[in-house]
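Step one of this worksheet: look at the structure below.
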Amino acid sequence: MTAHCPEDPSLERHFKGHRDAVTSVDFSLNTKQLASGSMDSCLMVWHMKPQTRAYRFAGHKDAVTCVNFSPSGHLLASGSRDKTVRIWVPNVKGESTVFRAHTATVRSVHFCSDGQSFVTASDDKTVKVWSTHRQKFLFSLSQHINWVRCAKFSPDGRLIVSASDDKTVKLWDKTSRECVHSYCEHGGFVTYVDFHPSGTCIAAAGMDNTVKVWDVRTHRLLQHYQLHSAAVNALSFHPSGNYLVTASSDSTLKILDLMEGRLLYTLHGHQGPATTVAFSRTGEYFASGGSDEQVMVWKSNFDIVDYGEVLRVQRPPATRASSSGTLPEVDPLVPPGRGRSQESMQSHSQEPVSVPQSLTSTLEHIVGQLDVLTQTVSILEQRLTLTEDKLKQCLENQQLIMQRTTP
C-alpha cells in the first residue's frame, strides 16, 4: 500500500473590503460564511460562494477587536474598543443586540459549545460570562492584574482559559468560578490562548515569539515552539488536533505538526503583520487577516491524507504515533522556564528515521527553490502594484488634460 505525502496549503481566495487592519476572523459552522473584524470599526461577513456580495455591519463606535460565530452559525458575536459586545444575526439586515460589557476595550468573545453562554475578556482586567438568549450578565473572573487579551471555553464547557498581559495563562472552573491553575512560563505578554479539540491541552501564543502547549490535567508543559521572529498574535487548532496554525507580526503563518513536534509549513501571504488566523469547523480551510487590510482563505490540503496511515508507512512499527484526538507527549521538554532552540526541539529524544541521502538532498533543493519562488512572486506582486498605481496616475492626468482642453 502506498501513502501519498500531504499537499501544500494553497491560497484559495482573498477578500478586500476593510479600510484598516483586520483583527479577527471566524468561520460559520457550515463554512458558507466567514466573519472578520477590523480597526475600521466594521464587521464583514464574506460568502465562500463566488460572486456573492459581502455584508458590512456598522454598529460599533470604535475598532472591532474580535468576532465569533455561535456553534449553530445563527448568531455572530463581536467585541470592540467601544467597550461593548454585539450579537448579530448574520443576514442582509444585520440586526444586533448590544451588551454594555466592560469598562474598557473588549479583546475577546467566545461562545460556549452549547451556545447558551459566551465569555468575554477585556482591558479592564476581567473575564465575564454572559447568557446568550436572556442577554444577562452571569459572573466575573477577576484575578488577572493586567489587560486580558483572550478567553475561551473548553470544548465541554466546564473550563475557561484566559491569557493576559500579566504574562500568565489562567485556567478557571466554570462551576466553582475558581482559578484552577496559573501558567507563568511566558516571558512576555500572552496574546492568545485556545483549547485543543480534545479539551486535554491548551496552547498559548506570546509577545516573546513563542507558542507553548500545556496539559490541563497535569499542568505540565508539553511543547515549546520558538519558530517566529516576532510576536505570535493568534493560533488555531485543526479539528483533528494534529496541527496548529499560528499568525505572527513577522508577517508569516506557520503550520505546526503537533504529533511530531515540528514545523510543517511557513506561509508568506500578508504584507506586514499577520494578526489573526482560524481553521474552519471541518479543517478543510483556514483564514488569516493582517495589518494589510486583507482577509485570505487557504485550502489546508495537508490534512487530506489519513495521518495515522502516513506514519504507519513512513515509520518503523516500534515508533508509530497515535492518531487519536488526544495530543501525545511528543518529546520530553526541558524544565519550564529554560528555553530551547528550534534545532534542539526537533532533534531531542526522537527516533532515527531511515531516509536515503539522495532523497534528503532533493527535498532540501526543492525547499530552497520554493523559497526563491515565494520571494520572486512577492517581488512581482510589488512591481504589479507599482505599475497599477502609475497607470492610475497616468489616467487621472489624462482626464485632467482632457478637461482643460475641452472648450
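The backbone N, Cα and C atoms fix where each Cβ goes, glycine too.
What Swiss-Prot records for this protein:
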type: COILED; residues: 369-397; note: coiled coil
type: COMPBIAS; residues: 342-357; note: compositional bias 'Polar residues'
type: REGION; residues: 317-357; note: region 'Disordered'
type: REPEAT; residues: 17-56; note: repeat 'WD 1'
type: REPEAT; residues: 101-140; note: repeat 'WD 3'
type: REPEAT; residues: 185-224; note: repeat 'WD 5'
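With helix defined as DSSP H, G or I and strand as E or B, the repeat 'WD 1' (17-56) counts 0 helix, 20 strand, 20 coil. Here the repeat 'WD 3' (101-140) has long-range neighbours at 65-72, 75, 77-81, 83-85, 87, 146-153, 155-157, 160, 162-164, 172, 174, 177, meaning same-chain residues at least 6 beyond its ends whose C-beta is under 8 angstroms from one of its own. Taken through DSSP, the repeat 'WD 5' (185-224) splits into 0 helix, 21 strand, 19 coil. Under DSSP, residues within the repeat 'WD 3' (101-140) fall into helix, strand and coil as 0 helix, 22 strand, 18 coil. When pLDDT values are averaged over the repeat 'WD 5' (185-224), the model yields 96.
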